[in-house]
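Asker: Per TrEMBL, domain '2-C-methyl-D-erythritol 2,4-cyclodiphosphate synthase' is recorded for 6-155. The annotation divalent metal cation binding site is assigned in TrEMBL to D13, H15, H48. Here TrEMBL flags D13, A14, H15, H40, S41, D62, I63, G64 as 4-CDP-2-C-methyl-D-erythritol 2-phosphate binding site. Sequence annotations record features per position, and here TrEMBL assigns site 'Transition state stabilizer' to H40, T139.
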Amino acid sequence: MSALPFRIGFGEDAHRLEAGRPLVLGGVPVPHAELGAVAHSDGDAVLHAVADALLSGLALGDIGQYFPDTAAEWAGMDSRVIVARALELVRERGYAPGNVAVVVTLDRPKLGPLRADIARSVAALLSLPESEVGVSFKTSEGLAPAHVQTRVTALLVRAGEG
Ligand code: C5P
Ligand code: MG
């Protein structure tokens, strides 16, 4: 058991984008995306970073250890399963997510209209109120037009604190 009542986690992910593939972020399909993620799983870069943030907060490694991207059984998998597993590992250690902050860097399309949907979706996966999930969007200013980058911080709160 950790000596700390609160622990911070940080996760990151990136995927190359290609035409003719779906783009899913935070469990939300992005309509009218010209490019989608090249990935072994469903390529949900938000959920991959969320899962890594949860695991890193308790020094539990990263999602590749639990879901190797070479394993045939995980091909095309729904990344919500990955988050559910990371959450289970956090809870087994007596912690729960307090709040999370998500940053998505993507040139196109504009994601502003999906902000509330993504926050709601991530919050539901973590059993948090929507108000505990911050979602920010940035462009790469044209430096990486065929690329999605995500970064997530997560505060983990020990049972009985906060
Ligand atoms: O990266 P930049 O600062 O130019 O982004 C300007 C604004 O555009 C951001 O505040 C963000 O809310 C929005 N944005 C968006 N969807 C993206 C990238 C940025 O809605 N894919
Ligand atoms: Mg990924």
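Note that Cβ sites are derived from N, Cα and C of the backbone, with glycine treated the same way.
Give me the structural setting of these features: burial, nearby parts and distances.
Answerer: In the predicted model, residues of the domain '2-C-methyl-D-erythritol 2,4-cyclodiphosphate synthase' (6-155) average a pLDDT of 96.
A helical conformation is recorded for H48 (divalent metal cation binding site) in the three-state DSSP classification. Contacts of H48 (divalent metal cation binding site) defined by a Cβ separation under 8 A and a same-chain sequence distance of 6+ are given as G11, D13, S41, I63, S79, I82, T150, in order along the sequence.
Over all protein chains present, the Cβ of I63 (4-CDP-2-C-methyl-D-erythritol 2-phosphate binding site) has 26 other Cβ atoms lying within 10 Å.
The Cβ of H40 (4-CDP-2-C-methyl-D-erythritol 2-phosphate binding site) has D69, T70, W74, A75, G76 as same-chain neighbours under 8 Å, each 6 or more residues away in sequence. Under DSSP, H40 (4-CDP-2-C-methyl-D-erythritol 2-phosphate binding site) is assigned to coil, being neither helix nor strand in the three-state scheme.
With a cut-off of 8 Å between CB atoms and residues at least 6 apart in sequence, the same chain places T105, L106, D107 near T139 (site 'Transition state stabilizer'), listed in sequence order.
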Asker: May I have the list of same-chain residues other than D13, H15, H48 whose Cβ is within 8 Å of the Cβ centroid of the recorded divalent metal cation site, in sequence order?
Answerer: A14, A37, A39, G43, D44, A45, V46, A49, V148, T150
Asker: With DSSP, how much of the domain '2-C-methyl-D-erythritol 2,4-cyclodiphosphate synthase' (6-155) is helix, how much strand and how much coil, in residues?
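Answerer: Computed counts for the domain '2-C-methyl-D-erythritol 2,4-cyclodiphosphate synthase' (6-155) are 51 helix, 47 strand, 52 coil.
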Asker: Work out how many Å separate H15 (divalent metal cation binding site) and D62 (4-CDP-2-C-methyl-D-erythritol 2-phosphate binding site) at their Cα atoms, rounded off.
Answerer: 16
Asker: Can you list which of these binding-site residues (D13, H15, H40, S41, H48) have a Cβ closer than 6 Å to ligand 1?
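Answerer: The qualifying binding-site residues: none of them.
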